[in-house]
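Peer 1: Dumping what Swiss-Prot says about this protein:
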- 1-8: topological domain 'Cytoplasmic' (TOPO_DOM)
- 30-52: topological domain 'Extracellular' (TOPO_DOM)
- 74-89: topological domain 'Cytoplasmic' (TOPO_DOM)
- 111-129: topological domain 'Extracellular' (TOPO_DOM)
- 151-161: topological domain 'Cytoplasmic' (TOPO_DOM)
- 183-200: topological domain 'Extracellular' (TOPO_DOM)
- 222-229: topological domain 'Cytoplasmic' (TOPO_DOM)
- 251-270: topological domain 'Extracellular' (TOPO_DOM)
- 292-337: topological domain 'Cytoplasmic' (TOPO_DOM)
- 359-366: topological domain 'Extracellular' (TOPO_DOM)
- 388-392: topological domain 'Cytoplasmic' (TOPO_DOM)
- 437-450: topological domain 'Cytoplasmic' (TOPO_DOM)
- 472-489: topological domain 'Extracellular' (TOPO_DOM)
- 511-840: topological domain 'Cytoplasmic' (TOPO_DOM)
- 9-29: transmembrane segment (TRANSMEM)
- 53-73: transmembrane segment (TRANSMEM)
- 90-110: transmembrane segment (TRANSMEM)
- 201-221: transmembrane segment (TRANSMEM)
- 230-250: transmembrane segment (TRANSMEM)
- 271-291: transmembrane segment (TRANSMEM)
- 338-358: transmembrane segment (TRANSMEM)
- 367-387: transmembrane segment (TRANSMEM)
- 393-413: transmembrane segment (TRANSMEM)
- 416-436: transmembrane segment (TRANSMEM)
- 451-471: transmembrane segment (TRANSMEM)
- 490-510: transmembrane segment (TRANSMEM)
Amino acid sequence: MTQELKSKLLSFFKFIFATALFIFVIFTLYRELSHINFKETFIQFGKINRLWLVLLFAGGGLSLILLSLYDIILVKALKLKMPLIRVFRVSYIINALNSIIGFGGFIGAGVRAFVYKNYTNDTKKLVQYISIILVSMLTGLSLLSILVVLRIFNASHMIDEISWVRWILYIVALFLPIFIFYTVARPVDRNNRYMGVYCTVVSCVEWMAAATVLYFAALIVDIHISFMTFVGIFVIAALSGLVSFIPGGFGAFDLVVLLGLKSLGISEEKILLALVLYRFAYYFVPVMIALILSSFEFGNTAKKYLDNSKYFIPVKDFTSFLRSYQKDILAKVPSFSLAILIFLTSIIFFINNLTIVYDGLYDGNHFAYYIALAIQTSACLLLILNVRGIYKGSRRAIIYAFISIILIASATIYTYASFLLLSWLIIIFVLLILAYQRAQVLKRPLRFKKLAFMLLLSIFILYLNHILISGTLYALDVYHIEIDTSLLRYYFWMTIVIIMLLVGVIAWLFDYKYKRPHHSIDLTLCDAIIQKYGGNYLSHLVYSGDKDCFFNENKDSFIMYRYKSNALVVLGDPIGNTKSFESLLEAFYQFAEYQGYEIIFYQISDQYMPLYHNFGNQFFKLGEEAIIDLTTFTTSGKKRRGFRATLNKFDDLNINFEIIEPPFTQDFFDELKFVSDKWLDGRSEMHFSVGQFTQTYLSKAPIGVMRDHSGKMIAFCSLMPTYSNNAISVDLIRWLPELDLPLMDGLYLHMLLWSKEKGYKAFNMGMATLSNVGQLHYSYLRERMAGRVFEHFNGLYRFQGLRRYKEKYSPNWEPRFLVYQKHYSLWESMLKVMRVIRHK
């Protein structure tokens with residue numbers, strides 16, 4: 001049998017053993033808990049003096065400070081130049097997390113190695129010392145096991161009745177002398193020969209502190225037994241927890257304590273309550289404190305420290321790669337810790353709803369209590385819904401949390417006024433203030449998908465809350481009390497109304513305060529940039545007056561955009577100095593992220609697609625633009641006789657074409673407006689991606705007009721200079737609809753011939769929407785669907801007809817794309833673009 005196979009078999013048997021043990025513990029624990037009277041447990045909790053609870057929780061929080069002795073010994077042994085106060089802070093965080101997700105202490109060992117390696121260049125010795133600390137956590141329990149075997153801590157009622165307990169105690173007791181002999185005989189450092197002994201003493205103190213906290217919890221719930229006997233039971237329970245490999249020994253430890261105390265004639269209800277209080281005091285409270293410390297310990301200071309650490313010098317590319325992620329993780333620790341604290345706060349006060357309900361049952365003013373219940377439930381739900389926003393540093397999410405904490409505090413003061421809970425709310429409020437000051441964004445974009453998820457999550461949480469309350473009331477057998485049950489029925493709807501009011505009012509006020517209005521832009525700066533660096537087929541639309549412009553820091557490039565529904569819809573590619581485009585987009589994305597806006601690019605070319613890709617965007621092909629090569633365009637030849645026939649027809653009818661240069665007279669503009677109004681026939685103007693029929697906009701470029709034999713204007717088209725590459729575009733094309741003449745063909749042909757005569761090289765006839773989109777089997781599904789629309793919905797919009805019309809001019813087809821951010825919906829992005837185009 002190979003070594004690899006042996007290793008796999010050993011891992012498999014370990015997994016089978018741990019799983020079987022876990023299942024056994026769960027079933028046994030379930031069987032024991034099924035006999036417990038939860039009503040009696042709840043009543044016992046109500047009788048506890050709140051001052052004793054505060055002292056218990058304080059004791060649980062302070063007990064973990066003793067574990068800092070491990071780190072002090074480590075720092076002294078390695079002679080690390082690390083401030084003592086920081087040693088205590090880091091140690092507390094490590095030990096609190098290790099107690100919850102320890103996995104035999106390996107989590108704590110890993111975090112210790114990560115933190116302390118920045119203070120020493122002897123990594124090998126550091127790892128050896130950490131290994132001693134890791135193993136010594138068991139040696140303290142081994143010392144206590146010896147005392148149990150010697151009956152100093154008397155647990156004879158368990159040892160005599162359960163044979164496997166005796167053998168486990170013997171085995172663990174033997175571990176201590178072996179460990180001490182080995183570490184003294186073969187020390188890591190001869191100058192610190194007794195390192196293992198010191199750590200064993202600390203480990204023993206650690207386990208005794210945990211036993212003392214549990215004993216104090218037992219005394220609070222009126223369990224009175226000898227401390228020596230109690231510690232004996234605790235040691236056996238702790239060994240069971242270690243053997244189970246479950247973090248914190250959850251389940252196995254509790255089961256042994258329950259069985260051990262129950263065999264002494266103590267009621268199960270009291271034991272269960274003592275265990276719950278112990279778990280909260282020794283595990284939950286330290287974790288909460290550790291999360292608070294993390295908010296201060298790991299932030300910009302830690303990141304700066306890593307940058308300046310003389311020991312943390314990567315010697316390999318892979319090390320440098322890992323270091324970059326370590327810095328990112330450290331920077332996120334404060335916001336992550338606060339998010340966890342907010343989530344836990346919400347859970348705590350959701351559970352405390354039981355207290356409001358219970359007190360309300362026996363109070364004459366039921367209505368006030370259930371309003372307080374609805375307010376607190378709404379506030380707790382808002383906290384949960386904004387956990388991710390707080391983690392992302394959103395000011396709006398933090399404001400929601402502010403309001404929620406105030407509402408919870410108000411409900412707490414009115415109902416059960418717990419000093420401990422109010423103190424906790426004050427701490428959270430202070431942390432939120434600090435988070436608000438360093439918040440990175442105003443708000444995060446609210447998308448339909450996220451809104452639907454939040455709605456489903458809210459319903460699920462409210463349902464769980466209902467199950468919790470109704471199940472508890474049923475267990476407490478309180479339904480015989482005569483109350484106005486309609487209040488309980490309306491409680492759900494009161495909660496919904498309160499949430500809607502809170503969310504609606506805060507969102508409206510926030511958007512009102514930070515809404516970016518449309519400002520008049522500096523067209524002189526746009527002119528200067530376009531004249532110096534050139535434009536594109538859409539750059540002339542900057543004069544339409546319905547867009548904002550975003551400039552880079554050097555003021556040598558800009559983009560045109562419109563704000564709509566929490567989105568910034570950008571028209572076309574950036575304009576200006578191409579070397580500045582990346583910095584321009586980076587600044588624009590930072591601005592949008594801070595404001596909480598989505599970014600959508602409409603009608604971009606494929607020239608800068610790699611640049612858009614660098615910003616994590618997705619692409620959708622909108623269609624293709626028809627670009628006519630004027631150097632080869634002609635009306636001569638057999639294939640062009642249709643063009644000549646059209647031109648000859650207009651000549652026969654004495655219909656003339658001319659280009660009118662600005663400035664325009666008022667009479668000329670009135671003629672244009674008459675034709676435009678007839679052509680629109682009551683329809684609304686399009687916006688954003690086409691020009692505006694305003695005197696200001698039309699005065700920026702020449703206009704081609706066609707007049708009949710009497711001099712009456714019957715058609716016109718406005719031009720869009722591109723200011724680059726000797727290209728020109730057509731913009732507005734309008735004619736009198738009552739005339740049965742090919743006026744559109746006439747305008748295009750005359751414009752093409754005029755442009756060629758003026759020396760232009762290319763003429764843009766505009767885009768054929770959805771043209772040549774999704775034609776391959778390998779295309780994206782969304783593009784194949786768009787292709788089907790192009791093929792089969794020609795009656796709704798003349799997709800194919802538009803392309804066929806432009807095909808006769810033999811253009812070159814250039815693709816145009818919609819660019820939208822990842823995790824965003826294509827259809828939502830398209831709808832926002834359509835709203836920008838359809839509405840002014």
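Each residue, glycine too, has its Cβ placed from N, Cα and C.
Quick one: how deep are these features, and who are their neighbours?
Peer 2: Counting residue by residue with DSSP, the topological domain 'Cytoplasmic' (74-89) contains 11 helix, 0 strand, 5 coil.
Restricting the average to the topological domain 'Cytoplasmic' (151-161) gives a pLDDT of 77.
Below 8 angstroms of C-beta separation, residues 44, 152-155, 215, 261, 264, 266, 270-271, 274 of the same chain, each at least six residues beyond the ends of the topological domain 'Cytoplasmic' (222-229), sit close to that stretch.
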Peer 1: Can you count helix, strand and coil residues in the topological domain 'Extracellular' (183-200) using DSSP?
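Peer 2: Counting residues by DSSP class gives 12 helix, 0 strand, 6 coil.
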Peer 1: For the transmembrane segment (393-413) against the transmembrane segment (201-221), do we get 3 or more Cβ-Cβ pairs below 8 Å once near-sequence pairs (under 6 apart) are dropped?
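Peer 2: Answer no: the transmembrane segment (393-413) and the transmembrane segment (201-221) share fewer than 3 Cβ pairs below 8 Å.
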Peer 1: The transmembrane segment (490-510): which same-chain residues, six or more beyond its ends, come within Cβ distance under 8 Å?
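Peer 2: Answer is 370-371, 373-375, 377-378, 381-382, 396, 399-400, 403, 442-443, 458, 462, 466.
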Peer 1: Residues sitting near the topological domain 'Cytoplasmic' (74-89): Cβ under 8 Å, six or more positions beyond its termini, same chain?
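Peer 2: 65, 68, 112, 116, 119-120, 122, 125-126, 129-130, 133, 189, 192, 195, 293, 296-297.
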Peer 1: Taking contact to mean 3 or more CB pairs closer than 8 A (sequence separation of 6 or more), are the transmembrane segment (451-471) and the transmembrane segment (53-73) in contact?
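Peer 2: No, the transmembrane segment (451-471) does not contact the transmembrane segment (53-73).
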Peer 1: Using a Cβ cut-off of under 8 Å, list the residues of the same chain at least 6 residues beyond the topological domain 'Cytoplasmic' (151-161) that approach it.
Peer 2: 144, 169, 226, 228-229, 231-233, 235-236, 260, 263-264
Peer 1: Using a Cβ distance cut-off of under 8 Å, indicate which of 53-73, 338-358, 367-387 has the most pairs with the transmembrane segment (201-221).
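Peer 2: Looking only at 53-73, 338-358, 367-387, the most contacts with the transmembrane segment (201-221) come from 53-73.
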Peer 1: How about long-range neighbours of the topological domain 'Extracellular' (183-200): same chain, 6 or more residues beyond its ends, C-beta under 8 Å?
Peer 2: 70, 73, 77, 125, 128-129, 132-133, 136, 139-140, 143, 176
